[in-house]
Protein chains: 2
Amino acid sequence: MGRKTRVASWLEQTSDDFETRFSAFLSTKREVSEDVNAVVKAIIDDVRARGDAALIDYSARFDGVDLAKTGIRISEDEVDAAFAETDPAVIDALKFAAERIEKHHARQMPKDDIYEDAIGVGLGSRWTAIEAVGLYVPGGTASYPSSVLMNAMPAKVAGVPRLVMVVPAGGGKINPAVLAAARIAGVTEIYRVGGAQAVAALAYGTETIAPVAKIVGPGNAYVAAAKRQVFGTVGIDMIAGPSEVLVIADRENDPDWIAADLLAQAEHDAGAQSILMTDDAEFGHAVEAAVERQLKTLSRSQIASASWRDFGAVILVENFDKALPLANRIAAEHLELAVADPEALLPGITNAGAIFIGRHTPEVIGDYVGGSNHVLPTARSARFSSGLGVLDFVKRSSILRLGPDQLRKLAPAAITLAKSEGLDGHARSVSIRLNETALENGD
Amino acid sequence: MGRKTRVASWLEQTSDDFETRFSAFLSTKREVSEDVNAVVKAIIDDVRARGDAALIDYSARFDGVDLAKTGIRISEDEVDAAFAETDPAVIDALKFAAERIEKHHARQMPKDDIYEDAIGVGLGSRWTAIEAVGLYVPGGTASYPSSVLMNAMPAKVAGVPRLVMVVPAGGGKINPAVLAAARIAGVTEIYRVGGAQAVAALAYGTETIAPVAKIVGPGNAYVAAAKRQVFGTVGIDMIAGPSEVLVIADRENDPDWIAADLLAQAEHDAGAQSILMTDDAEFGHAVEAAVERQLKTLSRSQIASASWRDFGAVILVENFDKALPLANRIAAEHLELAVADPEALLPGITNAGAIFIGRHTPEVIGDYVGGSNHVLPTARSARFSSGLGVLDFVKRSSILRLGPDQLRKLAPAAITLAKSEGLDGHARSVSIRLNETALENGD
């Protein structure tokens, strides 16, 4: 770690070329999109055609595991064993996190709204849980028990009766804490299969795995491509990109605290992005120096260095009011407000996945035990989407109920519009019910 | 119309091969998916590179209109003229519909939920409107003013400040009622451009059209492919397929009423699907005969015949309790309950876009003036998604706020989980704030 690791961009709002540089910064791509569509399509077709046999073949080839021997489904005994193998302190922490997540998400459950309007028309929204949800969990180092909780708990709170987890068993191994988290979160079935083949099995079903109606959870390029391809047959969540944090901080912060937050983001992935926005150049330099210092003692320093060197940014703003429009354009997945009066900034923030208020709310708390969800919109998609929540696991049926009187009142406008759109059959479906005799005898 | 138009499928629940036939029926594809991805990609790239100039070229080629002469934006004067040109009865009906849609959708507006939990952690969900939404309106015969209302009103209710409509001007013409509906719905900008080029302009912007954050509205295969390709850069709504209705009806119905409802669906599109589910074979035959009879006097009888002949179905069920699991598997966009006690069936229905209750609630009322939305999930996607509504035009930021005391309480579990996941930087971002002196001096 001899060499200096400088931040990728240093932007100053008062400089003449700021808008040009900021626009360029916004449009920086942080991931190479591999075109794996053809390979993925072949895998999906094969799983549809051959079912379990295809899963067994791909798992042997990609994961080095013989599912014919181990079974595709992970047994309750195996989960028991994984639970016993997991550090009790980790079990306790997972339970603590799960309870907080459950309590918070329970407040998100939408309520049915069935009512009669002024003329007696029955209207409403009725919410029901999705009947079966698949949860993809990556293998290897990205196999995070905290993500199992974050993806599964909202489904559980929503009342999803069948919650099916798939996780690849690279070399036969699955992180025991992931299985423990699945049990704590109430996952109902677990299969040791991953990749595009697991997504295909969830969407179309095999002899062993019954199909689900929606698939959520992060994965590599193959998993993401497979989710896009099966979308329509099943629902999917958003396709997650590399993670990012925007920290808005004044000079009153300890530079080391802010540097630690930037590095917590950067250590995720070389494509992650950490941005500091401050009104004080000297503080910005102090944070940059703290980042360099802290990088030396970070176990994932190589990843974090790459992220900071390639995508990190310090943006020097004129003042925090002028920072907000920039923050809204960045639309960060995570936004920390480490300033003297964070609540004053809040009303001006329109685009952010999650907002962490004040100097004692590091984003990391939200990753684990805050209670809110850590599956959040990345790469500026907070402009149009929300973090994962209970609403992602329910759907709404609208309700309409008319009697003869209500029909008589609404019919004329409906018939006028139907005829103006050239849809005679639509007009007839209403007018045929206006026959007085029929109406008198109607229910 | 000499030849008989028979329903495509007649299925009986008590027959031995029912499950096989019903499964096959469920997996019938009703649209040919044209692969237009390469063409669409080239158009999008061209609009990104050349902006307005590309829009002008494509509109000349595909729509036969010279935008260099007419301008890309439709002026207020043109909308005034369209408004004046539209039948006043249609204007009144649109206003009547808009008011009902607005009132119903206002109830869908989610409320912020900011609270403190038992240990004083500030948590919450904060909703904000999407800053700019694009609304695609098809040209030609599918240019429906009712769809303009259904797509635009929820955005307006959500508080979207910029609501941008695009509509192709085939041969220079745009349906004046569509422009009138746009004004009634509060659309803020209208551009005479369609196809993949319009989607590209909305997603990336041109000299004349500023980019939006989300694009909604139906379109042809090119529009659908373009929406898929720009997804991620902007949000999109679901990709709509051909429409369908499932009518559950007992023998007490007038067969002509039910036939009219089935044909109202069938006249939309040769790929539309109308399904009757009844417990009475004789009634089923009576409806089939009524469909044949009514087809003779329908202006769009060719389309409706094709739909009924290719995709129509009568499903004879043992009883209505046994009908519900089938209805849930069909997961119809529109579900009519034309039975003696429809409310008794309601609790058993889990998958349906919209439910129309009782003999006097034809689906067509929902198309125009019911108040609920007519943009609904097709092709079984009601298993995992909902109709369009206010929630599609807002997004949620989660909020987290800790003070030193709360951080001390949540820190141990967070640090345990971070370390167990091998994320030292995460652990440090929390532990660095546990320095007692720093905490005492904290906010």
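Cβ atoms are placed via backbone N, Cα and C, with glycine included.
Automatic, uncurated: that is what TrEMBL annotation is.
Bear in mind that the values here come from a model prediction, so they are computed numbers and not experimental data.
Remark: B:Asn220 (NAD(+) binding site) has B:Pro138, B:Gly195 as non-local neighbours, by Cβ distance under 8 Å and separation of at least 6 in sequence. DSSP classifies B:Asn220 (NAD(+) binding site) as coil under the three-state reduction. Under the heading NAD(+) binding site, TrEMBL lists B:Tyr136, B:Gln197, B:Asn220.
Counting Cβ atoms from all protein chains shown, B:Asp367 (substrate binding site) has 28 others lying within 10 Å of its own Cβ. Here TrEMBL flags B:Ser243, B:Gln265, B:His268, B:His334, B:Asp367, B:Glu421, B:His426 as substrate binding site.
TrEMBL lists B:Gln265, B:His268, B:Asp367, B:His426 with the feature Zn(2+) binding site. When secondary structure is read from DSSP and collapsed to three states, B:Asp367 (substrate binding site) falls in the helix class.
Secondary structure at B:Glu333 (active site, proton acceptor), taken from DSSP and collapsed to helix, strand or coil, is coil. Within 10 Å of the C-beta of B:Glu333 (active site, proton acceptor) we count 29 further C-beta atoms, all protein chains included. The active site, proton acceptor annotation in TrEMBL covers B:Glu333 (among others).
Sequence-distant contacts of B:His334 (substrate binding site), defined by Cβ-Cβ distance under 8 angstroms and a gap of at least six in the same chain, are B:Ser243, B:Glu244, B:Val245, B:Leu246, B:Gln265, B:Ala352, B:Gly353, B:Ala354, B:Phe356, B:Glu363, B:Gly366, B:Leu376. Here TrEMBL flags B:His334 (among others) as active site, proton acceptor.
Chain A comes close to B:Asp367, B:Glu421, B:His426, taken from the recorded positions B:Asn220, B:Glu333, B:Asp367, B:Glu421, B:His426 by a C-beta to C-beta distance under 8 angstroms. B:His426 (substrate binding site) counts 30 other C-beta atoms within 10 Å of its own C-beta, drawing on all protein chains shown. In three-state terms derived from DSSP, B:Gln197 (NAD(+) binding site) belongs to a helical segment. Counted over every protein chain shown, other Cβ atoms within 10 Å are most numerous around B:Gln265 among the binding-site residues B:Gln197, B:Ser243, B:Gln265. Put simply, B:His268 is the one of the recorded positions B:His268, B:Glu333, B:Asp367, B:Glu421, B:His426 whose Cα lies nearest to the Cα of B:Gln197 (NAD(+) binding site).
For the binding-site residues B:Tyr136, B:His268, B:Glu421, the ranking by surrounding Cβ atoms (within 10 Å, all protein chains) places B:Tyr136 first.
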